[in-house]
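What Swiss-Prot records for this protein:
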| type | residues | note |
| --- | --- | --- |
| TRANSMEM | 2-19 | transmembrane segment |
| TRANSMEM | 29-51 | transmembrane segment |
| TRANSMEM | 58-80 | transmembrane segment |
| TRANSMEM | 84-106 | transmembrane segment |
């Protein structure tokens, strides 16, 4: 169940981050409200995941790594961000780091 809360936290964070550009510097009301609510929900669900037994280091590593990878994917596919070798290698290294953290008994 802790992983379900974590997945929902990641998705809320990804939605909020994806909306940042549409807030136009937090000058547009509804995109700003939805963005800030997304971040609040994300942190609350991350906290629930940790309070229900997931190790803090594992939860945060997964939350940040998967969120980062998804944001890069969304930026490339939908927001016009160019793909580059640097981005691919960077996301690969992030994923490798999270896998390494989990394999070394951090949980």
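Our numbering is plain: 1 for the first residue shown, then up by one each step along the chain.
Including glycine, each Cβ sits where the backbone N, Cα and C put it.
Of the recorded ranges 2-19, 58-80, 84-106, the transmembrane segment (29-51) has the largest number of C-beta contacts under 8 angstroms with 2-19. Under 8 Å from some Cβ of the transmembrane segment (84-106) lie the Cβ atoms of residues 55, 57-58, 61-62, 65-66, 68-69, 72, 76, all in the same chain and six or more residues away from its ends.
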